[in-house]
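Quick look at what TrEMBL lists:
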| type | residues | note |
| --- | --- | --- |
| DOMAIN | 1-108 | domain 'C2' |
| DOMAIN | 262-382 | domain 'C2' |
| DOMAIN | 426-543 | domain 'C2' |
| DOMAIN | 595-720 | domain 'C2' |
| TRANSMEM | 736-754 | transmembrane segment |
| TRANSMEM | 820-838 | transmembrane segment |
| TRANSMEM | 850-882 | transmembrane segment |
| TRANSMEM | 965-994 | transmembrane segment |
Amino acid sequence: MSNLKLGVEVVSAHNLMPKDGQGSASAFVELHFDNQKFRTTTKEKDLNPVWNESFYFNISDPNNLSNLNLEASVYNHLKTTNSKSFLGKVRLTGTSFVPYSDAAVLHYPLEKRGIFSRVKGELGLKVFLTDDPSIRSSNPLPAMESSVLTDSRTTQAQGPVQQVQNIVQNIVQGAFSNDKDKSEARHTFHHLPNTNVPQQQHHSSAAVSQEPGRYGADQMRAEPQGPRVVRMFSGSASQPFDYQLKETSPILGGGQVVGGRVIRADKPASTYDLVEQMHYLFVRVVKARDLPTMDVTGSLDPFVEVRVGNYKGITKHFEKTKNPVWNEVFAFAGDRMQAPFLEVVVKDKDMLKDDIVGFVRFDLSDVPTRVPPDSPLAPEWYRIANSKGEKNNGELMLAVWYGTQADEAFPDAWHSDAASHHDSSAAGSSYIRSKVYHSPRLWYVRVTVVEAQDLVITEKTRFPDVYVKAQIGNQILKTKPTQARTLNPLWNEDLIFVVAEPFEDHLMLTVEDRVGPNKDETIGRTIIPLNAIEKRAEVRHDDRIDHSRWFHLEKAYVIDVDQTKKEKKDKFASRLRLCLFLEGGYHVHDESTHYSSDLRPSLKQLWLRTPSIGVLELGILNADGLHPMKTRDQKGTSDTYCVAKYGQKWVRTRTIMNSLSPKYNEQYTWEVYDPATVITIGVFDNCHVGGANGSRDLKIGKVRIRISTLETGRVYTHSYPLLVLHPNGVKKMGELHLAIRFSCTSLMNTMLIYSRPLLPKMHYIKPFTVMQQDMLRHQAVNIVAARLSRSEPPLRKEVIEYMSDMDSHLWSMRRSKANFFRLMSVFSGLIAVGKWFGEVCTWKNPITTGLVHVLFVMLVCFPELILPTVFLYMFMIGLWNYRYRPRYPPHMNTKISYADNVHPDELDEEFDSFPTSRSSELVRMRYDRLRSVAGRIQTVVGDVATQGERFQALLSWRDPRATTIFLVFCLLVALVLYITPFQVLALVTGFYLMRHPRFRGRLPSVPINFFRRLPAKTDSML
C-alpha cells in the first residue's frame, strides 16, 4: 500500500467578509479531498485569523491524483444557531500538488459559491505531497464544539523521495495533455510545468511546428541562391556592406529555405529540418574476448585503433586483461573519407612500440545505413586476423553503420572533424564534445537583522559600537554600526544574498564590536543551514513580526559546521533576532536586464501562471571566414565551438579543430514562456585542446536575437557578422550562419502575455535598489559560472561572463555617446514636428499654412473629433508601415553603437581594468576630460533647474513686483474666460500663434521677456 499523503497547512486568512452583524466573523476552514473532510479550529471575532494547523489526507489511488481536487471552504460560525455561513472557498486541482521541498505558502483569493455570494479576502495555504511513513493521516472531522488547536510544529513533513517526484511529474503530464482542464474555474491555481517530458535537445526535432506551404518538386531542383544583403537600418544608421546581415537560401533537412518558407523535397523530411544533413560512418567498439598474450610476461594491455584513410581514433587501453570492454563510438565525416576500407586494429600498449594483436577490415560499400527512428544496430562478433591472415587471435564485438547527426550515438562519439592531431583518443575527445547544460535554479535569501539582546562585551566601561556581518560562501554583507547606549542594539536592516539549488552552504552571522580604528572584536556567532530557511512566494506586511526568530549566539572558538558532537561549552546568554526567507517570488537576474532570456520566478509553483507559449528551434549551421586565433604548424588556425543560452538551458556544440570555416549543423530546442526574451549565441576559440596551453577561451563574437521580433512559423536563415570591439577598433571576426524558427503553440496566451507585468510581482511590491541589482547580478553570474565550470567539458567562467554581458554596467565614453544619440533619435520626431509647426507659423508654404488653419478651425469647432483623428492617424501610419516591416531579426549595428569612429583613447579607457592599471598621467588626462563633459552636463541641468525655479517664483513673492503683475494678469484672464466661449479663445490663440510674419516682430515676445526676468536660486549658489 502506498504511503503517499497530501499535506495541507492552513496558515491564515486576510480581509474576510464580516458576517456576524457586528463587523467581524468567527472563521474556520473545512478541507475536502478524496472523500475525506477535516476542519480547523474557530477563531473568534477575527477578520484576519491565523491558524497554522496541518492536516494529512490519505491518497487512495496515486495514479488518479490528477483527477482529484482539494477544496478549502471558509465559514463563519454562528453560536446562537450553531450553524455556519459561507465566507469563500479555494479549489486546487491535483496538478498543482508539489513535493514538500518545492512547497511554499501561497495566498489564494477566495471564490464565490454562487452568483449572489458576497465574498472577499484570501486564504493562505501550503499544499504538498509526502510519503514519509512516520506521518499519519489526520483524525476525522471533529464536532464543531470540540475543535481543538493543532500544533503545526509537530507535523512538519520531511522531503519526499523519488517516487513522489515521479508521481507529481506524471500527473502534471496528464494535465498538459487533457484539454478539459481549460474549463476550470477562473480562480483555479496551477503550479509546476511539465517536467516529465524531457526538453528536446539537439538530437530531436521540435515538438510543435507549423506546416509551411508545399511547392512543386521542380522548384526544389533550383540551385541555392546566393546570400542577399539585408539593410538593417535606413538613413544615417546604415553601416558598411561587410557588417550587414545577409539572407541565405540553404538546403536544409526539411528542404530548401526561400524567403522564410521551406520548399519540401520529394524525399521525406529529416528530424533535423533546420540544419544540413551530414553523413557519418559510425563505428562502435564494444568489447573483445580471448585475446592472445603478446609480452614475455604473458600480460596484455589492449586498445583499439580505428582507421579510415588518414583519420584514426584510439580507445583507452586496459592493463593486463584479455577481455576488455570499451563501448566507445567513433564518427568519421563522410565528406572527408577517401579510403574504400575501414580497419579496426587491436594493439598492445608498450613502452617503445605498440604491438599489433590483429585487425578486422570492412569494405565501406557493404556498410549498412541506419535512419532514425530505427533501432540501434546490433553489434556482432568478428574474428581478429593477424598479419598472416589467420583468424585465431580472439574476437572483437563491433557495430558499423552509416548515419547522420540525428543518430543518438552522435553526441557522445569521437568525431574525425573535431579530433586533435595530438590526442586521437576517445577519452581526450570528451572535452570537445557537444553538451547541454542546465544552470542552477537561483534564489534570493533575505536576511532581516532585527535586534540583539544581552550582548556581552569585554570592556564593561563603554557601550558597544556593534554591527552584524552575514556571510554565505564568498558573499559578505554588513549592517550599519549602531551606537545606541544599550546592550540591546536595534538594526531592522535587510541583507540580500544569492544562492543556488541544492542549498549546500550555510548562513553565518557574526556580531562584532568596533573597539578601535581597524580593530573589531567578535562577540558571538550563529550558523544556519540554508535548507532550514522557509520559502515564500510574496512579502506580507506582518512577516517581519510573525516569522522572526531568536538565535543564540555562541563563542567563535566553539563554532564548527562539520562537527557533529561539540564539546561542552559555557553558557552564552546573548541572542540575535532574525527574519529569514528564501524569496521565491523574484526572478534572479543572472544576465543583463536588457537581454534577459528568462523572466520566471524562482518558485516552481508560480510557473504555471505563465504557461509555455511556443517552441524556439535553433540550427547552428556553420561559420565562415573566421579570423585565425592561434598558430599551429606555422599556419594560422582556430579550434572553435558555439555556445547558445536561453533560459536555464545552455548548449555547446562540438569543437571543430583546425578550421576557419567550421560546419557544426547541430539543432537545439527551447520552450518559450515570454516573447520579450533574447537568445544569445556566441563563438569561442578553444584554448585547452590541440596542444594549446591557453588559460582562457578567446571570444570570437556573438549574436543576440529577440523572440518578439520573429514571425510565427517562419524560418530565418541569415549569415550574421561577428563584430567584436577591440582596443584598436571594431573588427569583423567572421560570419555565423544560423537557422531559427519560433512556433507559437497558443496565440491567446501569447497575446495575454503583453498585458502582464514583465517581471514577477515581487519586483514591483518590494523592489531592489539599482546598486542592489548590480551587486546581486554580479553574484548570480559568479555562482552560475562556478557551477557550470565543474561540468565536463567545462563551460568556463570567461564564456559565462561574455554571454551574460557582465561588464555592461561599467563606464564607457563610447557607450555614453551612443545612448545620447539614441535619445536624440527618440526625440527627433518631436523636433521635426516642432520645426514643421515653426514653418507653418512663418508661412514658409502658404498653402500648407492655409490647410492647417482650416483643420485647426474644424477641430476647435468640433473638439470631439480630436482624439478619434489622432488614433485614426496612428492606425493609418501603422498600416502604411506594414509593407515596409522588417523581415529579419535585428543585429548589432556599429553606427548605433558609435563604434565606427570612436577615438582610440576612449577605447583604451573602455578596456581598462577596474580599478585602473594605467599611468597616473593618462588617468589625470582622462579625469580632466570627464570633468569637461560633466561640466557641460552640469550646465544643462542647472539651466533646466533655473526654468523650474522661475515658474515657482511666479507665486512665491520673491520678486514682489513680478508676482503682483502676474496676479493681476490671472484675475483679468479669469474674468475674460468667464464671459468668453472656449472655442473663441482657442481660435484667437491659434490664429495669433500662426499669424503672418508681417505681423511679427524680431524681438522676443512680452511673456518671454517677463519670464526671463523672474528670479531663480542661482543667486544663492556658492
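The backbone N, Cα and C atoms fix where each Cβ goes, glycine too.
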Looking only at the domain 'C2' (595-720), what are its DSSP counts of helix, strand and coil residues? 10 helix, 63 strand, 53 coil
Note the mean pLDDT of the domain 'C2' (262-382), expressed as a whole number. 85
Taking DSSP H, G, I as helix and E, B as strand, the domain 'C2' (426-543) contains 8 helix, 63 strand, 47 coil
Sequence-remote partners of the transmembrane segment (820-838) [C-beta within less than 8 Å, at least six residues beyond its ends]: 896, 898
Chain residues in Cβ proximity to the transmembrane segment (850-882) (below 8 Å; excluding those fewer than six residues from its ends, i.e. six or more beyond): 840, 983, 986-987, 990-991, 994
